[in-house]
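Now, the feature entries from TrEMBL:
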DOMAIN    20-90  domain 'Amino acid permease/ SLC12A'
TRANSMEM  20-41  transmembrane segment
TRANSMEM  47-68  transmembrane segment
Amino acid sequence: MTTPSSEQDGLVRVLARGDVLALAFGAMIGWGWIVLTGTAIQSAGSLGAIIAFIIGGLAIVLVGLTYAELAAAMPKVGGEHVYSYRALGHLPSFSAPGRSF
């Protein structure tokens, strides 16, 4: 089966400038733990830094499990906005995704 020539012209632009900006900002924040690991080891010592990373990892696992449960219960596009809309209503859900930063 062949596809029409219009579909073979190239890649389709689907990310807007804001999407790319959000991805870049998330990447910068995400790399913070790698850049600041040396500072954490200097101030807390190697054992303290290991314990801090374990505690932080456990907290992230709990957050991830919570989001997995919410995504399974409400399989709609929208993430935090959909979850807070169902729980709190229209007005509080408008600012919920922004408060997660």
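Positions of Cβ are set from backbone N, Cα and C atoms, glycine also.
Those TrEMBL annotations? Automatic predictions, nothing curated.
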Beyond the flanks of the transmembrane segment (47-68) by at least 6 residues, Cβ under 8 Å: 37, 40-41
Residue distribution over DSSP helix, strand and coil in the domain 'Amino acid permease/ SLC12A' (20-90): 62 helix, 0 strand, 9 coil
